[in-house]
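Trainee: Starting off with a structure, shown below.
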């Protein structure tokens with residue numbers, strides 16, 4: 001496929017293969033959800049209403065559903081017949097509503113209820129919550145799970161404003177702006193900014209909030225509130241200010257966060273107005289607050305400007321990682337300036353480049369471990385779901401693409417005006433990779449940079465497998481200490497007796513992760529004697545005592561890949577127990593693979609069986625595949 005042949009299109013011609021709906025036939029003017037949460041039945045029921053414009057004189061409305069009970073359908077408030085077609089794996093069951101009259105404007109309503117097979121929801125019994133006061137519910141609709149919560153055009157190509165009305169016995173949050181409501185156990189929200197279905201979110205439980213900035217509140221269960229507030233209150237407003245300077249004003253008004261129970265499968269989910277986040281961020285050292293910078297960046301990349309299909313997911317995540325690192329660098333620069341450092345801009349760039357080095361290492365590792373077809377920037381998802389293809393590729397290869405473009409186009413001074421132009425041009429819209437490239441030409445050609453863009457190997461970047469066709473030149477000053485210590489361990493025989501806990505005492509968290517990650521890679525290529533691993537454990541005992549999940553995961557990855565441990569060993573048992581406390585797939589999936597591949601497959605399966613009920617449906621399904629339990 002030639003990328004240049006697909007450029008110069010006002011609207012994307014990409015057909016989303018992950019939806020069974022006829023979304024191209026309609027414009028959604030307004031969406032409304034009227035919901036009822038039942039903790040007794042463990043379901044959500046209600047009515048969804050769409051105000052539509054018929055764009056092509058279409059004679060039927062086809063919506064996505066997955067394991068939903070459909071009770072009734074209405075067209076312009078009149079009950080009509082509907083057909084729920086046979087399930088078409090893995091994308092669900094199309095709901096077909098025939099239109100007796102073809103009119104330009106119409107209103108469709110569907111009464112529905114979720115079932116026990118709903119992949120978007122997790123109900124948690126109160127005994128399993130931290131406060132043990134009441135049951136808990138939360139949703140995760142990305143990528144194509146909204147269709148299991150309510151009938152919808154479940155594609156990022158379709159965006160509309162939403163109104164939410166919810167009845168629940170417990171405090172409820174949704175992805176909109178709260179509206180005052182006097183009805184008991186009733187909550188209302190408005191989302192005036194058009195969003196796709198995957199950004200619809202709900203959480204209900206024993207929740208309390210505390211300020212973490214002038215326009216930000218953190219919510220969580222009351223026993224955890226003070227810890228969550230401390231973790232984020234230092235940085236949240238700084239992140240917002242730097243992001244606004246980079247792009248343009250934050251227009252969602254409030255940026256709030258909900259710290260969920262441990263079964264939440266992701267680091268964070270960028271639900272508008274209320275980021276859902278994992279409790280693994282509460283590390284008591286503010287080292288994981290970078291995830292909040294990432295989710296905040298989604299307020300522009302992903303939420304305002306959206307990939308039109310999941311095949312172009314890198315447009316969401318590559319841009320977001322790029323912005324995240326610019327935000328982290330900007331905050332570091334600001335703090336250096338406050339300390340009176342003269343070269344404060346350089347201080348910020350060091351931080352940005354160090355984060356990029358970690359990302360590049362993750363990218364190289366990921367390429368080695370996933371099917372090659374998923375290492376492309378633009379995926380083919382005709383027969384698989386986005387969850388099957390999900391990895392760090394769209395994040396880190398996408399970032400590398402943007403960093404490469406920044407580099408060849410003349411650095412941030414040249415790239416930043418384009419960035420602002422891009423996010424203004426596609427605000428409230430969805431686009432594909434070819435429109436992105438066309439916008440580069442539109443912006444830079446008048447500036448005399450057409451030859452630079454013509455020299456880019458677009459086809460290899462978008463469709464090539466493996467690592468990118470580009471070796472980045474990052475500032476390695478913060479990384480060099482880590483590399484030096486790694487190299488010292490590589491020459492263990494010459495340096496025996498020269499290691500001590502003080503080697504790593506001054507490291508910040510990301511330096512620990514780089515040291516452990518590069519040492520793991522080194523030892524994977526040339527495995528040292530068991531004595532080396534014993535010395536590591538003895539000298540760097542602080543790693544064994546860590547409470548930071550990133551360090552726990554990296555440390556165990558290093559040790560267990562030695563294949564020196566049996567299932568009965570304490571280190572293995574401790575790691576297996578820890579897996580039962582983390583539902584975040586970043587840790588759960590590689591953790592179970594680690595047990596399976598380097599310790600004992602039966603232990604991995606037994607551990608998963610033991611903790612399976614604690615995990616979110618998405619995590620549970622992916623770990624089952626990883627362990628070969630679905631074959």
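The chain as shown is numbered from 1 upward.
Glycine is treated like the rest: Cβ placed from N, Cα and C.
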Trainee: Do you know which of 311, 317 Swiss-Prot groups with 294, 298 in the Zn(2+) site?
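Mentor: Of 311, 317, 317 joins 294, 298 in the Zn(2+) site that Swiss-Prot records.
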Trainee: Check the Cα distances from residue 317 (Zn(2+) binding site) to each of the recorded positions 140, 142, 266, 268, 270, 395 and keep only the ones within 10 Å.
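Mentor: For residue 317 (Zn(2+) binding site), the recorded positions whose Cα atoms are within 10 Å come to 395.
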Trainee: Return the residues near residue 295 (active site, proton acceptor) by Cβ distance under 8 Å, restricted to its own chain and a separation of at least 6 in sequence.
Mentor: 257, 268, 269, 270, 275, 277
Trainee: Looking only at C-alpha atoms, tell me how far residue 266 (substrate binding site) is from residue 294 (Zn(2+) binding site), rounded to the nearest Å.
Mentor: 12
Trainee: Sequence gap of 6 or more, C-beta under 8 Å: which same-chain residues meet both conditions with respect to residue 395 (active site, proton donor)?
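Mentor: For residue 395 (active site, proton donor), the qualifying residues are 314, 317, 318, 320, 321, 359.
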Trainee: Could you give the Cα-Cα distance between residue 142 (substrate binding site) and residue 298 (Zn(2+) binding site), in whole Å?
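Mentor: Counting only the Cα atoms, the answer is 13 Å.
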Trainee: I want to check the contact list for residue 294 (Zn(2+) binding site): same chain, sequence separation of six or more, C-beta distance under 8 angstroms. What comes out?
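Mentor: Within the chain, residue 294 (Zn(2+) binding site) has Cβ neighbours under 8 Å at 267, 268, 320, 321, 324.
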Trainee: Give me the sequence-ordered set of same-chain residues, not including 294, 298, 317, with a C-beta within 8 angstroms of the centroid of the Zn(2+) site's C-beta atoms.
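Mentor: So the extra residues in range turn out to be 268, 270, 295, 297, 301, 302, 316, 319, 320, 321, 323, 324, 395.
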